[in-house]
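Positions annotated as transmembrane segment by TrEMBL: B:24-45, B:84-104, B:116-139, B:159-185, B:216-238, B:270-292, B:317-343, B:378-405, B:417-439, B:445-463, B:519-541, B:547-571. If you look up TrEMBL, you'll see B:80-291, B:379-567 marked as domain 'ABC transmembrane type-1'.
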Amino acid sequence: MLKVSHLERTYPAQPGGAAVQALKSVSLSVEQGDIFSLLGPSGCGKTTMLQCIAGLETPDAGRIVIGGETVYSRDERIHLPANERGLGMVFQSYAIWPHMSVAENVAFPLLQRGRNPGREQIARRVDDALAMVELAGYGNRSATQLSGGQQQRIALARALVHKPRLLLLDEPLSNLDAKLRDTMRIELRRLIKSIGITAIFVTHDQVEAMGMSDRVALMRAGKVIQVGTSKEIYLNPHSAFAADFMGSGNLVACTISDVDNDRAVTTTPFGQIQAKVAAGLRAGDDAILVIRPNAPIIHTQPVDAQGDLAQIPGNVSSVTFLGEKIEVRVCLSGGYDFVVTMNTFEAPVEGQKVYLTLPAERCIVVHKDHPVSSAARSVDLEGLAA
Amino acid sequence: MMADVSAEQPSGTARWTFLASPSLIKIALLVVVAILVLGPVIVLLRASLAPQDVLPFETSAFTFANFRQIFAGNDTFTLLTTTIAYAGGSVLLGVGAAALVAWLTERTDMPGATVIRVFLFSWMAVPPLVIGFGWVLLINPGNGALNVLARAALGLTSPLFTIYSFWSLIIITAFSVFPTAYVMLGGLFSNMDPQLESAGHVHGSRSFTVMRRITLPLLIPGILSVGIFMVMIVVQAFEIPFIVGLSAQIRVLSTRVYLLASPTTGIPNYGLSSAFGVCLLGLACLLMWVYFRCVGTGEKYRVVTGKAFRPRRQKLGVWRLPVTCIVFALFGVMILPLLMIFWTSFTASYQVPSLAALGSLSFDNYSRALASPFAQQAIINTLVLVFASATLVMFLGSLIAWFSVRDRGLAARILDVLAFAPTAIPPVVMVIAILLVYIRTPVYGTIWILVLSSVTVQLAFATRTMTSALTQLHKELGDAATVCGASWWTSFRCITLPLLRVQFLSGWLFVAAHTSRDLTIPLVLMTSSNVVLASAIWMMWDFPDLPGAAAMAVLLVLGLLVIVLPVQILATRGRSGA
């Protein structure tokens, strides 16, 4: 449905600054009917990417094909203006026009490019669109009288009323409060799926990306780091950055002592641990061992470690109550501070001795990041510690 | 899904949509603005290097004779020093008074602050032309009303005041500087962070010390930059030096430029006029540069933040009554010339106000003025001029603003600079340059050349107003329309412009007020067929038909007040409500 190949975009240097390479030869492919997320920290190029697809931004090189039609190609000198791409878009600020009524906002796309389907047709389609977002009867209201959640649904109705071939969503949930965000996320996904439209969704929140999308492209510094379902990226990240961004985790510097098929034996500050291994890693490499906080099985007594199970003793140094779960810091041998989450009803006490059992399929060894990234991560880790 | 879209075929009008593509509009704008702004400047430079008494198009000779003549005589040096003394003196008085009154209304418990604010903000409805005439009627040495009264009351033999002196010119100009400076300073005073002063109080200073050591030093850069800005305005000003200064033989650069191009006797000397115009342009650019330098250094004193503060108000105590009386007396003096014009408009032939003359007052002048085809033509011309130029310039300004805010390419930057340039070009110089460009075309002599000149002169203001409005408008509002399928033009017309309607309207009113009260443009470009109210008043005054001129002046002021006053009252109410 959407094919992006080798897209490049560099913002020219502003006075007193350097040029910013927002997209570095990015390629993507999105299937018909998928909800596809562009996920990454701010400044990773995800919004530039969306703007290029929408036509609001002109790339420097590459090619964009929507539904078989090339809308941008530098080599063929094609650049279809944004208003001729036939897309729908929901903006971060919703961009509801305050000088128009709700119905006028929603009817706007139906009247563009010389179209005028007639009064009844417009009224019917606006009503349908409003009913679809459960705002039937709101047509005559002024757009400014609505709440944030309602405005967002108006924006969605406006983006869908002209039956676009592709729906673009630019952080649509970021302006809602936390509770509403959760409901809207589920609602949005149900709606998009019921229409069957292909959607591109930009977000910096991995929970949103996981909850909304069929597939995720994790972006960073103008590049796509990893593409896959959220489960794939969460369980099998290729790099420390992907592991860290898709959820919290203990990232342990280690050395790979042995690799056998998809398993590796790693040497860590607290002993040898068996784990799955990301493609391209060999014995002797310095790598990162990723252990999710909910991966270890915790015992208060030592148990028999069999097969690929590793068992590490430690002392509980702090217990933080978070409601649905508790966060426990365990001081392992070698002074390593390890974070695990536990069931609220099984809280250990501080100073208690515990044993962490680590099944190999719950651990993964990934590539170390480039120097830029490790700096960024250590900041994150500091933030976590504070 | 896709079939649905293609089923709705674009109608025939779509054929023309390519004309509304932004890059075409940008090029068209560049061409229009370049012709408007650069055309006159180039012709002015050419004319200053051409032999005297020839139109710049009619010669191929280049000569420095004009500049040699300017710099040869002592005359020019006197002219320059007079101009600078005139501008400096009136700005010192005007800005000083404005700073004092701004402090009183914004930072003390003086009563009547709102009335003063509305009064001073509405003063832009009063044409300088009318004020000039009013002062002439009040204090001319022969039969000026105040002189006659003073002679009767004090038994003097010589006139007490005279309008025909350098000091009168300075004081009258200071009165016209005062409201503008107040408008600029008011915001500065009311937005100052009171915590800076509180800090002084907390650390044990007395009120007077805080004012002297903290408040004043913090405000000095702001007051200074307003002062330099006003010097720039006064150096460019033409009307008051023209009406008041000429009879007193006080010549400044702006009147010199005008008199060379439109002498009362003899043939116009466009070459010398242009050369003087170039000098005046140079002086204005120099002042502009100084202004920007000053504003730049003022940045480190940024006490005026965007936040709305509720400033601490100084209690005036026993000074409250006397200070209020003095301020209102000042306004009384400001209004006097208006009252004088008002009185004269009801008299059959000019006479000094007295109880005895009260019985002979009538509306005859008004009915006479309104009945004459000359005045009717002037009123219609004024309406055409005001509506056409305000609408055109605001529209042009909005388009330029869009490109300078949203596009930011090289062409957009050139557009921005070109639109800003008229700020540094004195209107009288600009109009003479426009005269030189169009004198041989059919546009000359019609009302449309006035429209064209007003658009050029007001372009910088319109662009700046719309630029600051547009920067506050979220970019996504326009993008949303584009993604919905709207062309650039539809998005601009249906989304951007309606959302900026408030700023557009207030800018429109400002331009309309300034266009209708302006005399410079109509006077320089005047022919028998394009007389507007301002030039009609001037002609009747010069004729002389003082009562008729006064009646027309009152009509003009009333018309302007009807536009300006409600807006100012609303704005003030909105301000105190916020």
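Using N, Cα and C of the backbone, Cβ positions are placed for all residues, glycine too.
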Contact yes or no, the transmembrane segment (B:84-104) and the transmembrane segment (B:445-463), 3+ Cβ pairs under 8 Å, gap 6+: no
Recorded stretch that, among B:24-45, B:116-139, B:270-292, B:417-439, B:519-541, has the most CB pairs under 8 Å to the transmembrane segment (B:317-343): B:116-139
Contact call for the transmembrane segment (B:116-139) and the transmembrane segment (B:417-439): at least 3 Cβ pairs under 8 Å, seq gap 6+: no
Same-chain residues at least 6 beyond the ends of the transmembrane segment (B:417-439) whose Cβ lies under 8 Å from its Cβ atoms: 30, 33-34, 37-41, 43-44, 47, 55-56, 235-236, 238, 254, 257-258, 261, 270, 273-274, 277, 280-281, 284-285, 288, 397, 400, 404, 449, 452-453, 456-457, 459-460, 463-464, 518, 520-521, 524-525
Contact set, same chain, for the transmembrane segment (B:24-45): CB under 8 Å, 6 or more residues outside the stretch: 18, 56, 274, 277-278, 281, 396, 399-400, 403, 407, 411-412, 414-415, 418-419, 421-422, 425, 429-430, 432-434, 436-437, 452, 455-456, 459, 488-489
